[in-house]
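Read through the structure below, which is laid out as structure tokens, and then see the notes.
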Amino acid sequence: MTDVLEKETFSFQTEVGQLLEIVAGSLYSNREVFLRELVSNASDACDKLRYAALTDASLAPSEGFAITLATDKKTLSISDNGIGMNHADLLETLGTIAKSGTGAFIQALKAEKKDAPGLIGQFGVGFYSAFMVADRVDVLTRKAGEDAAWLWSSDGKGSFTIEPATREAAGTTVTLHLKKDAKEFAEEARIRHIIKTYSEHINFPVKLGDETLNAAEALWTKAPSEISEDQYTEFYRHASHAFDIPWLTIHNKIEGSLNHTSLLFVPSMQPFDLFDPERKSHVKLYVNRVFISETTKDLVPAYLRFLRGVVDSQDLTLNVSREMLQHDPKLAKIRGQVTKKVLSEFKKKATKEPEAYAAFWGNFGAVLKEGLVEDPSLRDRILEVCRFATTGSEALTSLTGYVERMKEGQDAIFYIAGEDAGKLAQSPHLEGFKAKGVEVLLLSDPVDEFWLQHIHEFEGKPFKSITRGAADLDTIKGDADKADTEKEGAADLSKLITAIKAELGETVKDVRPSKRLTDSPVCLIADEGDIDVNLERLLKRHGQLKEGMPKVLELNPDHALITKLAERAESGPDDLLKDAAHLLLDQARIVEGEGPADPAGFARRLGAVMSRAFGA
Ligand SMILES: Nc1ncnc2c1ncn2[C@@H]1O[C@H](COP(=O)(O)OP(=O)(O)OP(=O)(O)O)[C@@H](O)[C@H]1O
């Protein structure tokens with residue numbers, strides 16, 4: 001691209017335009033974080049060049065890596081002697097947002113204008129935050145190993161320019177032309193304070209004139225006893241471009257045949273890319289304090305992708321390529337040790353602080369459960385730290401807790417799966433279980449259906465869905481045997497069942513009296529051996545299943561409506577019974593969140609039945 005000599009003008013990608021508009025116009029209280037973002041980028045650039053120089057020593061800067069700040073009354077510039085950018089890099093990175101989840105982010109940003117900086121940090125718009133304080137940003141940059149330099153410039157209003165320029169050495173200088181109301185960021189005292197607050201522990205010196213503003217030491221190499229809570233938080237925020245306080249900090253040193261130190265954080269908020277198909281890791285790998293890579297899944301498994309921080313080992317070979325490193329058995333060993341350590345910290349937290357753990361679980365439980373399938377060797381350890389919503393209490397339960405509370409005669413761990421824990425708790429299928437005081441787990445993460453395909457039991461007790469197959473509650477000794485006594489006087493439904501079956505034909509697989517209902521007249525269940533109701537719904541949504549299987553319609557023999565219909569069926573089917581058969585099926589579907597099978601027919605029948613009721 002070095003043959004491009006003219007100044008060129010480009011439009012920002014639509015999302016960037018929208019983003020800049022919000023960033024520049026939002027109300028903010030801590031906009032000084034723009035400096036942390038730019039210093040962070042400069043530090044990443046130095047990290048990248050230090051890595052590249054491992055294989056090509058000529059790339060290394062002659063006088064060590066440094067980030068240099070300079071100001072006059074109107075501008076602030078941040079220079080680094082890192083990797084730099086060429087024409088293609090500039091186009092690719094400073095005009096687009098290559099990140100997934102951008103749409104969701106912009107939505108969130110629009111909804112919460114006031115907290116823009118918080119969200120910006122969470123998403124990591126990094127560079128673009130410069131437009132919170134500047135009405136023009138210039139980027140003078142030269143890529144290491146290349147001769148051409150470029151000047152990128154923009155006022156953040158829809159377009160940017162790139163033109164050829166000169167720069168003595170590789171690296172990048174970002175110059176901010178400060179807005180009128182942001183001149184404070186040209187004051188040295190203010191800058192000193194911001195760097196101390198936000199960038200004290202990055203790996204490279206940040207200089208203002210001759211003065212070095214930060215400690216510039218790798219925080220993880222210090223002993224935990226020498227590190228304050230605030231220092232951990234600052235490091236976390238720097239390393240993950242976040243604004244929250246970490247929910248958990250794990251600083252661990254392993255010494256032995258394979259030495260490594262990890263400083264890991266669990267955020268207290270969900271990052272935007274959590275459910276991205278790429279499932280990228282965000283833990284940085286360092287070898288003896290030299291940054292190697294960020295996104296390797298070989299360091300931290302995908303089901304722990306919410307972790308932030310670093311792992312550093314002096315026992316990995318420095319001068320191998322990232323690809324070779326990925327196949328290094330030592331790395332696999334580190335991964336195993338790090339994963340076990342993290343799970344054991346979760347276990348401690350879950351036992352000692354169940355309420356705090358519930359907050360973590362709400363954010364990341366669905367991700368962690370992916371490990372139940374992906375990491376069979378650690379399955380038991382993962383199950384130990386899993387928590388579930390249950391009909392038994394407001395609080396979440398562990399599986400061990402559930403098993404301890406099982407009733408006499410209960411031989412299965414009952415669960416109901418669906419999309420919304422709140423709705424699940426209202427499901428008619430639960431009625432008989434509630435009446436007997438038998439606890440049912442409420443599983444509302446899509447991943448639940450997935451691991452249940454692989455894990456069939458816990459401590460010898462099988463998992464059993466209450467929306468599939470027969471509900472044999474008779475053998476369980478409940479809290480009060482109220483439900484059983486009522487059942488004794490239950491109506492004989494045989495004629496009604498015959499009539500309903502004849503009317504509904506193939507649309508139902510069977511019609512049966514129910515043991516699981518106490519208040520509702522009807523419900524639908526999947527037959528034993530068929531796909532469970534919720535799984536079928538998920539498969540249909542993802543286009544993996546066209547038609548659902550016909551379900552079993554269960555009738556509550558104690559319900560007044562069903563008893564009346566049974567009496568009526570004794571004298572043979574009539575039009576009203578026929579309408580009732582369809583309406584009962586539709587009612588069961590509606591409770592499940594499905595529409596009636598035939599909306600026009602439903603409306604007609606409902607009309608007819610109401611007319612009769614009101615004598616119209
Ligand atoms: N000083 C710099 N030197 C070299 N490249 C840079 C520099 N600043 C930014 N870049 C490039 O621009 C890209 C975009 O930067 P930006 O701060 O917007 O996001 P990011 O740093 O990739 O993401 P995050 O903020 O989540 O880490 C960077 O990934 C990097 O490739």
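Every residue gets a Cβ built from N, Cα and C, even glycine.
Those TrEMBL annotations? Automatic predictions, nothing curated.
The region 'A' annotation in TrEMBL covers 1-322.
Annotation comment: TrEMBL describes 30-182 as domain 'Histidine kinase/HSP90-like ATPase'.
Residues annotated as ATP binding site in TrEMBL: Glu37, Asn41, Asp80, Met85, 99-101, 122-127, Thr172, Arg322. Counted within 10 Å of its Cβ, the other Cβ atoms near Asp80 (ATP binding site) come to 28, all protein chains included. In the three-state DSSP reading, Asp80 (ATP binding site) counts as strand.
What TrEMBL lists as region 'C' is 538-616.
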Among Glu37, Phe127, Arg322, the most crowded of the binding-site residues [Cβ within 10 Å]: Glu37
Listed binding-site residues adjacent to ligand 1, that is, members of Asp80, Phe127, Arg322 whose C-beta is under 6 A away: Asp80, Phe127
Residues in the region 'C' (538-616) grouped by DSSP into helix, strand and remaining coil: 47 helix, 5 strand, 27 coil
Per-residue pLDDT averaged over the region 'C' (538-616), given as an integer: 90
